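**Student:** Pasting the relevant annotations from Swiss-Prot:
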BINDING   Cys7, Cys10, Cys44, Cys45  Zn(2+) binding site
Amino acid sequence: MIIPVRCFTCGSLIADKWDAFSTRVRAGEDPGKVLDDLNVKRLCCRRSLLTHVDIIREVVNYTRPI
């Protein structure tokens, strides 16, 4: 839903890289090259960014007002 602030495995900060990563991948760049450019080297951090599914916009439509 929301990108984790830190990697679940190693605790490295990854949320600050999400906007740049998702923008560049949507523009058609290779995800591996983008992660290399963003200096994401650990496999656990790469996995967290590569496998994240951003569905928050879809879920917001189903929440009830308080």
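Every residue, even glycine, has its Cβ placed from backbone N, Cα and C.
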**Student:** Find, among the binding-site residues listed as Cys7, Cys10, Cys44, Cys45, the one whose Cβ has the highest number of other Cβ atoms within 10 Å in the structure shown.
**Tutor:** Cys45
**Student:** Apart from Cys7, Cys10, Cys44, Cys45, which residues in this chain have a Cβ no more than 8 Å from the mean position of the Cβ atoms of those residues at the Zn(2+) site?
**Tutor:** Arg6, Phe8, Thr9, Gly11, Ser12, Ile14, Arg42, Leu43, Arg46, Arg47, Ser48
**Student:** Could you find out if DSSP has Cys44 (Zn(2+) binding site) as helix, strand or coil?
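**Tutor:** In three-state terms, Cys44 (Zn(2+) binding site) counts as helix.
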